[in-house]
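Undergrad: Not my notes, these are from TrEMBL:
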- A:13-24: compositional bias 'Acidic residues' (COMPBIAS)
- A:73-89: compositional bias 'Basic and acidic residues' (COMPBIAS)
- A:221-299: domain 'RRM' (DOMAIN)
- A:1-36: region 'Disordered' (REGION)
- A:67-97: region 'Disordered' (REGION)
């Protein structure tokens, strides 16, 4: 067994490509098998557009069709073959003639439109973009915005018209000319969201940061509960903590895929004193075989 | 639509041509023999041997008794169709790029290449239609094309004119008796060679195929351009289909660029245009290389295309092809009946 394997010429990985390509250049001859029911099976090989070898098996039924033709044509049909075909028998010789696949051809006035629909999506996109030109957002010129010669002196077209879209805090500074603060001085350079409006009046814009919609309430009366069981439900937690006061929000982190709890939760109270009570009582409480750990939620790091 | 045999020949480049009854197709390729095929089933009838160079062109006389071929071995040869006997050989200083019989088969025209200091000539021989008779050595006419090389030529209706297509994109009209130049009109883009010229059934007008990516239908009488068919690729051939008012254009990327393009991008398709409305109405795929020649069956039942891939594909039309009508055509038929 081992000898048989070693007899095979070892193929180097570098020769791999040649090994694949070699058989594709030589195609096996066409095979024709006559079936019992009068049909013939023709097995032929060809190389397709991607250079892959394709085996085609076709069953063909030959039907003799009677046709009335001009006597000249009939006479020519009876001519004996000559030249290289001298020895060929009646009927098409398989080495010179092969039957091709049936081509579908439906003449159509809307041919171009139909063909477009057939075209791949990518080609369609290419087609769509063919006439598109690069357009600068600042001066509408035919170059990328980043290459605009007016980049440092002009604002993007339509950018200042919509105050909501404009960066907060920067807009008033701009309209006041090269006004006070760092933001106004270096227009165009990137300002992280946290620092936007820093040049303005203190931390007015700081609410932009995450969780802004819950306001300060979050920081003051929110408990963080950890070591929560996987099987816990938000409802159960709400029941447990509502004993100490009004709970505005229960958030239990869950795995998106499995739907199981991740092991921590946030509970927000209306009143901070209730939260303090709950924190004292519930820390160390046994819940579903696990001991809860409850503490005040820390403020998000600034 | 069409089920059809296709016929591989060993060498690249195929140019098929039907006889008048549409039952036999003659094809030539860069291998050195002519093949005759039955068009109905693709069976090869025989081959004609004798040329010692690539064969550029073949034509058959109206009675299918003789064929003429022009070759890179600088000869035009005349053959007996049935016996494959070489009846006559005419020698020239340069290669022969085109031969064509006149409508009645009594004249044969050849176009010679411009090379080695020789100008391109259009030569005409009188042909004795009897294959047993001796053929003349004398040229009935020689037209020297000193302005721009003639690439294609043919006899118009009643052998009145010789129409030639030139390398510079113009067509010329010569008097077929005297050889005098009557007119020369640039119909295609300047210096884009006209590569094919095929007649309609009564030879009153013809279609030109040009490398400028268009084909034009031109009247033989005054060389007015009747119709233009724009394509998206350089054309190699164009033909007019009998029975239906279509034209078929064949072309594709130049042979030297083929290896760099896929079959789809290469646009190796036969394009069907409506002859009168000039709309493209469909394409037929199948070749793996540019189409060198398209030829319509004079009976209108099929067409053949020869490709750079070495195949002649014979496509037989089915009912959907014959039933296709424009709305205006249908209305007109309804009114008439």
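Every residue, even glycine, has its Cβ placed from backbone N, Cα and C.
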Undergrad: For the region 'Disordered' (A:67-97), find every same-chain residue at least 6 residues outside the stretch whose CB is under 8 Å from a CB in it, and list them.
TA: 30, 32
Undergrad: Mean pLDDT, the domain 'RRM' (A:221-299)?
TA: 84
Undergrad: By DSSP assignment, list the helix, strand and coil residue numbers for the compositional bias 'Basic and acidic residues' (A:73-89), in that order.
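TA: Summed by class, the stretch gives 8 helix, 1 strand, 8 coil.
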